[in-house]
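Enquirer: What TrEMBL records for 5-209 is domain 'Phosphoribosyltransferase'. Among the features that TrEMBL reports, 5-phospho-alpha-D-ribose 1-diphosphate binding site is placed at R78, R103, D130, P131, M132, L133, A134, T135, G136, G137, S138, D201. Sequence annotations record features per position, and here TrEMBL assigns uracil binding site to I195, G200, D201, A202.
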Amino acid sequence: MRLHVAEHPLITHKLTVLRDETTPSPVFRQLTEELVTLLAYEATRNVRVESAEIVTPVTPTTGVRISEPRPLVVPILRAGLGMLEGMVKLIPTAEVGFLGMVRNEETLEPSTYAERLPDDLSDRQCFVLDPMLATGGSLGAAIEFLFARGAQDVTAICLLGAPEGVAAIEKQVGDRDVTLVLGALDQKLNEKGYIVPGLGDAGDRLYGTV
Ligand code: PRP
Ligand code: URA
């Protein structure tokens with residue numbers, strides 16, 4: 001597994017505002033979108049391309065374009081949905097699949113309540129979006145879903161990660177092709193499975209308590 005933790009003052013600045021408990025939902029949503037676009041720049045570094053012949057107003061030349069099959073972007077509902085716009089801004093030709101997962105707040109075990117993905121993901125590059133990597137249960141289950149359908153490689157973009165979650169994903173994926181891109185690697189999980197210092201419940205801060 002490859003781990004990339006962003007080191008950029010703009011990302012840290014935006015994360016600081018995001019973490020602040022006084023930041024209201026509309027600002028939180030806007031910042032989430034902006035952060036994803038910045039992180040997606042790094043996360044798509046290995047997106048597959050093929051050569052493309054074009055003619056500029058001056059001369060024929062060879063460039064590249066994103067290969068078929070197109071990348072698949074998978075937000076994990078509900079909080080991952082807040083990251084979708086920021087991602088597709090950068091790769092507008094990507095397809096989008098959905099996974100709905102919720103973590104039991106007592107046992108911290110994830111369960112899947114919705115799934116809308118292509119049946120066959122052979123040769124597909126997949127990008128999973130979830131703002132929070134806490135125990136790693138939700139992201140780990142999403143990664144297994146995608147590889148079970150034949151995904152070639154999986155890149156996960158998370159705004160914040162806990163060391164416990166990173167270690168769990170690393171152990172789970174073994175030598176499969178997985179990249180983790182984090183906005184920041186935080187200190188630890190608390191006794192309730194929340195990331196410390198974290199930002200609280202990302203889904204609630206994006207969409208309100210349900
Ligand atoms: C949050 C978050 C992740 C998960 C992380 O979702 O968005 O999906 O918890 O925790 P884990 O690494 O321990 O699995 P939650 O279950 O709160 O659902 P929501 O997105 O609907 O709020
Ligand atoms: N899910 C969240 O939304 N926040 C955490 O800190 C952990 C899991």
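All positions are counted from 1 along the displayed chain.
Every residue gets a Cβ built from N, Cα and C, even glycine.
Keep in mind that TrEMBL annotations are predicted by a computer and have not been checked by a curator.
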Enquirer: When DSSP is mapped onto helix/strand/coil, what comes out for I195 (uracil binding site)?
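Expert: SS state of I195 (uracil binding site) = strand.
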Enquirer: Please list residues from the chain of M132 (5-phospho-alpha-D-ribose 1-diphosphate binding site) whose Cβ is under 8 angstroms from its Cβ, counting only those at least six apart in sequence.
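Expert: Listed in sequence order, they are A79, C158, L159, L160, G161, I195, G198, L199, A202.
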Enquirer: Looking at the binding-site residues M132, A134, S138, I195, which have a C-beta within less than 6 Å of some atom in ligand 2?
Expert: M132, A134, I195
Enquirer: Select, from A134, I195, G200, each of the binding-site residues with a Cβ positioned under 6 A from at least one atom of ligand 1; if none does, say none.
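Expert: The ones that qualify, in sequence order, are A134.
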Enquirer: What is the interatomic distance between the Cα atoms of A134 (5-phospho-alpha-D-ribose 1-diphosphate binding site) and D201 (uracil binding site), given in whole Å?
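Expert: So the alpha carbons of A134 (5-phospho-alpha-D-ribose 1-diphosphate binding site) and D201 (uracil binding site) sit roughly 11 Å from each other.
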Enquirer: Please identify which of A134, I195, A202 has the densest Cβ environment, defined as other Cβ atoms within 10 Å, among these binding-site residues.
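Expert: Answer returned by the neighbour count: I195.
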Enquirer: For uracil, what surrounds I195, G200, D201, A202 with a Cβ no more than 8 Å from their Cβ centroid?
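Expert: My list of surrounding residues reads P131, M132, Y194, G198, L199, G203, D204, R205.
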Enquirer: Within 10 Å of each Cβ, count the other Cβ atoms, then let me know which of the binding-site residues G136, G200 comes out lowest.
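Expert: Among the binding-site residues G136, G200, the lowest count of other Cβ atoms within 10 Å belongs to G200.
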Enquirer: Across all chains shown, how many C-beta atoms besides its own are within 10 angstroms of the C-beta of D201 (uracil binding site)?
Expert: 13
Enquirer: Between G136 (5-phospho-alpha-D-ribose 1-diphosphate binding site) and D201 (uracil binding site), find the distance joining the two CA atoms and give it rounded to the nearest Å.
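Expert: Cα-Cα, rounded: 15 Å.
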Enquirer: If I take the alpha carbons of G200 (uracil binding site) and S138 (5-phospho-alpha-D-ribose 1-diphosphate binding site), what is the distance between them in whole Å?
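Expert: With the alpha carbons as reference points, the distance is 17 Å.
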Enquirer: Can you tell me how far the Cα of R78 (5-phospho-alpha-D-ribose 1-diphosphate binding site) sits from the Cα of D201 (uracil binding site), in Å?
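Expert: That comes out at 11 Å between the alpha carbons.
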Enquirer: To the nearest whole angstrom, state the Cα distance for the pair D201 (uracil binding site) and D130 (5-phospho-alpha-D-ribose 1-diphosphate binding site).
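Expert: Cα-Cα distance, D201 (uracil binding site) to D130 (5-phospho-alpha-D-ribose 1-diphosphate binding site): 12 Å.
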